[in-house]
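Working notes for the structure below.
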Amino acid sequence: MRLRLPVVCFLWEIAMIVLFGIFVRYNDEADPHWSEFMKAQNITSDIQNDYYFRYPSFQDVHVMIFVGFGFLMTFLKRYGFGSVAFNFLLAAFGIQWAILMQGWFHTFKNGKILIGVESLINADFCVGSVCIAFGAILGKVSPVQIMVMTLFQVTLFAVNEWILLNLLHVNDAGGSMTIHTFGAYFGLTVAWILNRPRLKQTNDKEGSVYVSDLFSMIGTLFLWMFWPSFNSAVSYHGDAQHRAAINTYCSLAACVLTTVAISSVVNKKGKLEMVHIQNATLAGGVAVGTAAEMMLTPYGSLIVGFICGIVSTLGFTYCSPFLSNKLRLHDTCGIHNLHAMPGLIGGIVGAVTAACATEAVYTADGLKKMFRFEGDYATRTPSMQGGYQAAGLCVSLAFGLVGGTVVGCILKLPIWGDPSDENCFDDEVYWELPEEDEEEHLGAANQYVTHLPENFKLPDRTEVAFK
């Protein structure tokens, strides 16, 4: 790694500098000519600059990508550094490449890519799909493999997004299809290609401890709190953005209760499992993404969250072991249960909600604005839109599976320096760890134990820690 990682980071960052220098420029709202643009567009105040509408949402989304996803993956007892820092690395590189790729497809004008605050949000969305895929292979790949995967996945994401939004003309405000379905099935396919048959027999480091689960819960709470911003960040100003935040809020709240209920039901002693609370409580935000700005209604959002809490929790209990034991698909973070299945549900909910849209509910102008029934799409009806939404879900699924297969085969090449089975899920391979005087800690623990009453019984977790 001493040679591979520095070379990849230096060369790719130099490439980003060159490409940004050639192609990337500020858009009208970030350019010094903003005052002239204001006059041309009859804009009377600087407060109407898109920055003031989008930046609060951008802040929330940015925190989700770097803090939320990063800390959510710190549950592994010996891979905390890698979880947070490698997520940081892939996201920092990914947003640069995403600005270029998405810019070439969406904001390329007169030979230049014009970027503003919405470009930053969309780049974060793109990187979000990579963070999701990273969860499936967490602890089993090298940093160089992570960078290579990011390069290819961002490219495929941009192509898939362009097909859905520009060719099929679908709505996907919160990215149930473009972000979650694509990212999850891409990551799962890569994990399947990179399967390690002897991993369970040769490595016992995959697992959590009390403190690592607590750190992971920090990521959960950041994601849960900011998900309404995630799903509404790029919606139209006004009622659509407002509605997206409300629908997400309701779905997330319902999801928590059903997750807790099912977690207790499936446990033989009726106890709760932290892996369910860390992950399944977020499934409602995933599933409401596509239909977030549609007239899903508050009670409809509660129903979506209710269903996803059940599906995701049962997935962690039954699907994950099945995938690992029968299909040789080892999913470290359980993204199949948090992103893949809820993403499919979200795509279906979006298709049905779009197909059921009427002028009586949206008004004639509202219906045209919601689904952009204008220009080449002026003759499209809600039922047709529902069909295209379903087609978009299939395209995202296909891109994830086929793209994941190709990229997985590339990552399987020995030139990337992947870790051995024995070194998986262990920070020591890639990080200088702080030295600890184990004898001093054990001595202090033993001294504490000798002063306890003879009939004192230590809690189970403490006994395990002392052992």
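Backbone N, Cα and C define each Cβ position, glycine as well.
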Under Swiss-Prot's topological domain names, is Phe105 on the same membrane side as Tyr430?
no
Which of the listed residues, Asn42, Asn279, has Swiss-Prot annotated as N-linked glycosylation site?
Asn42
For the topological domain 'Extracellular' (102-119), report the average pLDDT of the model, please.
96
When you scan the chain for residues with a C-beta under 8 Å from the transmembrane segment (146-168), skipping those not six or more beyond its ends, what do you find?
8-9, 12, 86, 89-90, 93-94, 97-98, 101-102, 104-106, 126-127, 129-130, 133-134, 137, 177-178, 182-183, 186, 190, 388, 391-392, 395-396, 399, 403, 406-407, 410-411, 416
Counting every protein chain present, what is the number of Cβ atoms, excluding its own, within 10 Å of the Cβ of Asn42 (N-linked glycosylation site)?
6
Quick one: find which recorded stretch in 4-24, 174-194, 246-266 has the most Cβ pairs under 8 Å with the transmembrane segment (120-139).
174-194
With a Cβ cut-off under 8 Å, give me the same-chain residues at least six positions beyond the ends of the topological domain 'Cytoplasmic' (77-80) that come close to it.
138-139, 205, 207-209, 212, 215, 425-428
Can you tell me which recorded stretch out of 4-24, 174-194, 246-266, 338-358 has the most Cβ pairs within less than 8 Å of the transmembrane segment (296-316)?
246-266
Cβ under 8 Å to the transmembrane segment (391-411), counting only same-chain residues 6 or more beyond its ends: which ones?
133, 141, 145, 148-149, 152-153, 156, 159-160, 163-164, 168, 170, 172, 177-178, 181-194, 344, 347-348, 350-351, 418
